[in-house]
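Features as listed in TrEMBL:
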- 12-37: transmembrane segment (TRANSMEM)
- 43-65: transmembrane segment (TRANSMEM)
- 77-96: transmembrane segment (TRANSMEM)
- 108-131: transmembrane segment (TRANSMEM)
- 152-171: transmembrane segment (TRANSMEM)
- 191-207: transmembrane segment (TRANSMEM)
- 219-249: transmembrane segment (TRANSMEM)
- 255-275: transmembrane segment (TRANSMEM)
- 296-322: transmembrane segment (TRANSMEM)
- 375-397: transmembrane segment (TRANSMEM)
- 409-425: transmembrane segment (TRANSMEM)
- 432-449: transmembrane segment (TRANSMEM)
């Protein structure tokens, strides 16, 4: 990404005072249920929490538009806050409605975590990033090397996908009972599944170089169809988001088109989720009943509300189960999923293990603990505080690298990690460590194989 015209102005110009106001408001929102037990604030403090998080998001948007002239959505103060609001807002609202005590607890942990994230992001920005204002020269990749960086991952990815289908005995996305068949297809097939992700690297490198959107879009569509054939939508969504982000920071996309792209992604998530439910004939599900009665619009909006609600439920299940310090995992979950890559392994992913441990029964995938729950089940409350500070600092660092990268691959790598950090808000850090590490390794290996050279 050649972005020598992008400086770290946004980091310099962010008013510490304005952000501090948001932090204080968020702190009051989270701690007030415990400080004012005799007063029943209920939704008032929840509303303050929403306003605080949204205030950070709004300020980040305005700052980006003023300093850069386009929506700088990878800023630490835009994507993370809005994702945080979407994931925890509806769930906390429902928790307060059903059980005020549970709602207060969820609000407390969500507030502490967000404040810690902001503290980490602001500290890293002010202490480290503002000290380095050197303009960094762009580095160009040789055309032959660039073509190899696209060709090699694509070939390996396609061969691995064929092997995945062969071992699964079919194309999982075409099977009935998609909720369970996709899980069965992945069992003992993890190595081919992860090697098929090479397709993602091929598409992303292509986007980092190409300025022709239509050709890039055609390649993106092909990649999405291949990845979606596994029955899992997460890789396709990642492919779309990272591709558009790479293109946007190279050649800014109009705000109206970004909004349309966002709506399309949301629709894809909801429709694919409803399709999985319908294909699995889950008659006990309320959404299934709505679709059977022809109320597809109602099912669509109900899915959009219920999808994030479950993550707060998961968070409280984790906090209640791991409240005893003796039961904490001390970082074990962060490395758990690497066992999936062992050939012939039937090693369960951590979210499946957690689903069995907490004795939660539902069709399909595992139980994602959310980023807050993941930090808590490993290190308790102190883990949430310091863990979220590290996440905030890491986000600021990678954002800085994205704006001031020395070559395209550093920019691509930064966007990959930033995207999966945003995904960890709902899935947990354990949910992204393997995938992120694997994608970065693939990128590095293909860079070496392709004999990356600088054009002088």
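Just so it is clear, glycine is given a Cβ too, placed from its N, Cα and C backbone atoms.
As a quick check, the transmembrane segment (77-96) and the transmembrane segment (43-65) clear the bar of 3 or more Cβ pairs under 8 A, pairs 6 or more apart, so the two touch. The stretches the transmembrane segment (219-249) and the transmembrane segment (432-449) do not meet in space: the count of Cβ pairs below 8 angstroms, excluding pairs fewer than 6 apart in sequence, stays at fewer than three. Remote same-chain partners of the transmembrane segment (296-322), defined as residues 6 or more beyond its termini with a Cβ less than 8 Å from a stretch Cβ, comprise 86-92, 94-95, 102, 105-106, 109, 266, 269-271, 273-274, 286-287, 290, 328-329, 354, 357-358, 360, 367-370, 372-374, 376-377, 380, 426. Below 8 angstroms of C-beta separation, residues 1, 3, 74, 79-80, 83-84, 87, 141, 204-205, 208, 234, 238, 241-242, 245-246, 249, 370-371, 374, 391, 394-395, 398-399, 401-402, 431-432, 435-436, 439-440, 443, 447, 452 of the same chain, each at least six residues beyond the ends of the transmembrane segment (409-425), sit close to that stretch.
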